[in-house]
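Per TrEMBL, the features are:
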{"type": "DOMAIN", "residues": "20-305", "note": "domain 'FAE'"}
{"type": "ACT_SITE", "residues": "C165", "note": "active site"}
{"type": "ACT_SITE", "residues": "H243", "note": "active site"}
{"type": "DOMAIN", "residues": "327-408", "note": "domain 'Beta-ketoacyl-[acyl-carrier-protein] synthase III C-terminal'"}
{"type": "ACT_SITE", "residues": "H329", "note": "active site"}
{"type": "ACT_SITE", "residues": "H333", "note": "active site"}
{"type": "ACT_SITE", "residues": "H362", "note": "active site"}
{"type": "ACT_SITE", "residues": "N366", "note": "active site"}
Amino acid sequence: MMHLQLLAIAVISSIIFFLCRRRRLPVLLLDYSCHLPDPERRCTLDLFEYICLRSRLFNPESSSFMTSIFCKSGLSKETYTPPYLFQPPLLLSSKHPLAIQEAEEGLFAAVSSLLNKTDVPPEKISHLIVACSMFSPTPSLTSMLVRRFGFTDSVKTYNLSGMGCSGGTTCIDLATRLLSQNHGYALVAVTESNGINWYFGNDRNMLIPNCIFRVGSAAVLLTSDPTLRDSAKMEILHTLRTHHGTDDSAYKAGYQMEDADGNLGIAISKDLVRVAAVGLIRHVSLLASQVLPLSEIARYAFKVVLSYMTGNRKAIASHVPDFMKAFDHVCIHAGGKAVIEAMGKSLRLGNDVMEPARMTLHRFGNTSSSLVFYELAYLEAKGRVKEGDRIWMLAFGTGFKACTIVLRVLKDSSIDSANPWSHCVSRYPIS
């Protein structure tokens with residue numbers, strides 16, 4: 001019955017979408033940059049175990065559990081950890097200055113690289129949007145960037161927090177909505193604060209983030225100036241955001257809380273993979289009407305209706321539209337090894353399609369809201385992004401939220417020295 005309801009939603013949404021489209025300014029993605037931390041910040045298994053032992057706050061069972069998760073996570077020994085974890089003695093260090101340092105290192109490097117690549121002066125930026133889910137200082141992170149780069153008094157700033165791993169794509173959606181109404185430039189900067197949010201307790205559900213979340217930041221420059229089309233890399237075709245927080249299991253799939261001893265951390269529900277799969281089905285049922293060709297919608301509708309009429313309810317659940325009829329590449333949030341596998345299975349996406357997610361998780365870990373941009377950089381470093389290609393960015397966030405960005409490539413990709421994969425892409429993919 002759910003699939004019939006989703007089919008009806010998709011058909012009705014298709015009709016509304018084509019009838020109600022209104023003229024808006026095209027929004028172009030000029031370029032983007034991803035931060036590559038210093039090599040001395042690499043988080044090997046030996047360093048990870050040393051940090052855990054040095055804190056003296058994890059019991060032997062918790063230490064063994066985290067080591068096991070680390071080894072099964074799909075992360076390599078080349079991911080990066082925040083400066084806070086290098087400070088002895090660990091818990092006596094003042095957290096706030098090191099959280100500021102972590103934010104400055106990532107955001108300053110990504111924004112500086114981006115402005116240099118695009119040769120766009122800060123005075124031209126009309127909108128500045130920053131996402132950092134777990135750290136919201138005063139003055140804000142946008143104020144920190146305004147002060148550092150000298151944006152004008154008229155720049156409109158937006159700080160997004162608590163959005164989880166969907167923060168980056170949510171920023172792109174917001175920037176697109178702002179620029180589609182008026183000519184201008186929007187600078188998006190996304191990061192996460194890992195050090196200040198490390199969990200020092202023994203609740204297993206709250207230990208998992210320590211094992212998979214790593215340092216990463218990205219910056220993206222968008223414009224609605226049509227004269228810059230020849231300079232732009234891509235065009236934003238569609239954005240879609242859905243929120244599934246009315247369901248209790250979805251709302252608490254990733255939940256900040258204190259454990260029994262008062263230690264603050266993020267609890268990852270055992271139900272997370274199921275919640276993500278259900279949210280994904282609902283999200284793509286709306287997306288299908290915007291991106292799939294009518295022939296694929298008709299094929300999917302025919303199969304679902306036929307299975308329903310013949311009483312084959314089990315077959316209904318197995319029918320999934322072929323989204324590769326609409327896209328050439330997919331950058332799906334690599335929240336973890338199990339999440340990648342579940343998303344690929346739910347959408348019937350092959351290993352080759354999910355390769356950017358798996359390789360990015362291996363090389364950089366879960367960098368939260370910036371992760372999909374590291375995946376895009378992987379595709380560009382591999383030389384796979386060609387003019388006319390369509391790219392599907394899909395990210396999930398706590399709450400539970402899902403956000404899609406659809407991009408059309410305007411020129412063939414080429415790897416540059418600022419690409420975070422430039423020195424290691426030849427080693428990938430790995431099995």
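Even glycines carry a Cβ here, placed using N, Cα and C.
Location within the structure of each feature annotated in TrEMBL.
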| residue | record | contacts (Cβ under 8 Å, 6+ apart) |
| --- | --- | --- |
| C165 | active site | S133, H333, G335, N366, S368, S369, L371, A395, F396, G397, T398 |
| H243 | active site | G399, F400, K401 |
| H329 | active site | V353, P356, L379, R384, V385, D389, R390, I391, W392 |
| H362 | active site | G74, L75, S76, Y428, I430 |
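Counted over every protein chain shown, other Cβ atoms within 10 Å are most numerous around H333 among the active-site residues H333, N366. Over the domain 'FAE' (20-305) the predicted model carries a mean pLDDT of 92.
Note on the domain 'Beta-ketoacyl-[acyl-carrier-protein] synthase III C-terminal' (327-408): DSSP counts are 39 helix, 21 strand, 22 coil.
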